[in-house]
């Protein structure tokens, strides 16, 4: 997603021209935690 000249990852949304982490809740259990992007944002319901 184009966001103020930057491209947000799938784990981010554009808010006020900035890429921010998606805040979501998932009831899925991941023994190694959830997958994160290069910015430290968690991918929704995606195990690492």
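Each residue, glycine too, has its Cβ placed from N, Cα and C.
As given in Swiss-Prot:
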- 3-14: disulfide bond (DISULFID)
- 8-19: disulfide bond (DISULFID)
- 19-47: domain 'Antistasin-like' (DOMAIN)
- 21-41: disulfide bond (DISULFID)
- 26-45: disulfide bond (DISULFID)
- 30-47: disulfide bond (DISULFID)
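Positions of the features from Swiss-Prot, shown on the structure.
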{"residue": "3", "record": "disulfide bond", "Cβ contacts under 8 Å, 6 or more apart": "14, 17, 18, 19"}
{"residue": "21", "record": "disulfide bond", "Cβ contacts under 8 Å, 6 or more apart": "11, 12, 39, 40, 41, 42"}
{"residue": "26", "record": "disulfide bond", "Cβ contacts under 8 Å, 6 or more apart": "34, 44, 45"}
{"residue": "30", "record": "disulfide bond", "Cβ contacts under 8 Å, 6 or more apart": "47, 48"}
Subject >> Local Cβ density at residue 47 (disulfide bond) - other Cβ atoms counted within 10 Å >> reply: 13
Original post:
Counting only other Cβ atoms and using a 10 Å cut-off, which of the disulfide-bonded residues 8, 14, 19, 41 scores lowest?
Top reply: 14
